[in-house]
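Asker: The structure that follows is given in the form of structure tokens.
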Amino acid sequence: SSDLDDTYDIYKQQGGGETDLDPIEARRVLRKIDWHILPLLMGSYMLQYLDKSSINFASVYGLQKGTNLVGQDYSWLSSIFYFGYLVAQYPAGYLMQRLPAAKVIGVSTLAWGVLILTTPACNNFAGIAANRFMLGLFEAVVNPGFVLVMSMWYQKAEQPLRLVIYYSMNGWAGIVGGLLGYAIGHITSGLPQWMYVFLIFGAISFAWGVVFLIFMPDLPSTARFLKGHEAAVAVDRVAANRQGVKNHHFKKYQMWQTLKDPKTWILFVMSISAQIPNAAQSSFMSIILKTFGFSTLETQYMQIPGNVIQIVSLLASGYIASRWPNMRCIVMILGNLVCVVAGGVLVGLSPGADGTENRWGRIVALWLCSCQSVGFAMSLTMVSSNVAGYTKKQLTGAFIFVGYCVGNIVGPQTFIDAEAPLYKSAVLVGYSLKTVSVIVLYAYMWSENEKRDREAAANPQSVEQQDQEAIEKGMRDVTEIDNKGFRYAL
């Protein structure tokens, strides 16, 4: 049946959820999953961030001159990447549903490694723009793909910490990229310095793609590192989420349900409002720091404190959300409020005539804007933990990343020298709108949970019977809206 999960047979072999898992065995399987899956996700996530941000590091070493960019050409390079990312969202999601997800991600990694390696061959705007568009096409599978991977391998309570662990690699990528950029700045012979950025990053990505293809399993039931009974335990652990593991049949009714679901549109607005200010900063950080009076080399390591703040805030939020139930929206709100305050500081502090007045206050505010990653990472757990029905899940993830693309396309265009105040206002308005959206999402999911609790209390079935029925529906690819035994993780 197209309704049955791809791992349904092994789930039934385990007892179909009717037999309690041995907690010691379950913990042992979880440790194996952590040690095998997380490093692969972390490495890929770091490299995809480094590669898409490579123009930021190369911009201070003559990228614009070497590729004959003029006017707003550089701003468009940042946006064009996300046009490719946008175009690929729904095809990528469909491919990851129909085909083995790990293979799709691995092949894409090889492809974007080749594209980065060939960037130095571009000598005009048309060439590098086409290169960036293709890079966006192939990197588009990583974010939504990893959200699906989280739901396939981890229980709800385990997901926030694991997701922020791999998502924090954005911050580590900034540190590694800054140090590599600083080192490249000392290369004084051979090719132009900006070319080395792409050659080094591209070679590493291609090699990693080979590693990912070899070692990343497609499903818990086919993982070579899980021996014997352990694969069944891994499936049974995830079945408790009431979402199933994977179903490779595309279902039109779930597509229409996605469009009607308020969560879809709230998450979409959250994604756009966060990425407009974030995109402008990430693409222009090196250039912004130069306007503060820092040298070219200093701009590379002056970005590191912001990356450290990002890593610490992500790991702290992930630990809190995994350690205590229903804290995801709370940590999202707190992270967003830090960004709202930082945005207010950027608007309020005058740069002065030469751009160096109140320099350190504005730099610290820029660093604190890195806390926006808390909100975005937690919003991804809303898909991995709070959406059931595999078609609905991948489409909801695609909606988030369409919003992500729209924000990243618009964001760099707001950073124009003559319109710098607009850019600063966009930071404050974007983060404020996102904070309001999180509050609305929390209120909606809380009210739905309360309604379902009242209905469950009036149900003549026992709690155990209702739980078992909800798990079975999850393994039959029933959505969270139709499965009344489902509860949202707040």
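Cβ atoms are placed via backbone N, Cα and C, with glycine included.
Sequence annotations record features per position, and here TrEMBL assigns domain 'Major facilitator superfamily (MFS) profile' to 37-452. Annotated transmembrane segment per TrEMBL: 74-92, 104-121, 133-154, 166-188, 194-215, 301-322, 329-351, 363-383, 395-416, 422-444, in sequence order.
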Asker: What stretch, picked from 104-121, 133-154, 166-188, 301-322, 329-351, has the most CB pairs under 8 A with the transmembrane segment (194-215)?
Answerer: 104-121
Asker: So, taking each listed stretch (104-121, 301-322, 329-351, 363-383) in turn and counting its Cβ pairs to the transmembrane segment (166-188) that are under 8 angstroms, which one gives the highest count?
Answerer: 301-322
Asker: At a Cβ cut-off of 8 Å, and with pairs 6 or more apart in sequence only, do we get at least 3 pairs between the transmembrane segment (133-154) and the transmembrane segment (329-351), yes or no?
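Answerer: Not in contact, no.
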Asker: Sequence gap of 6 or more, Cβ distance under 8 Å, 3 or more pairs: do the transmembrane segment (301-322) and the transmembrane segment (329-351) meet that?
Answerer: yes
Asker: Pop the mean pLDDT for the domain 'Major facilitator superfamily (MFS) profile' (37-452) in here, whole number is fine.
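Answerer: A mean pLDDT of 85 is what the model gives the domain 'Major facilitator superfamily (MFS) profile' (37-452).
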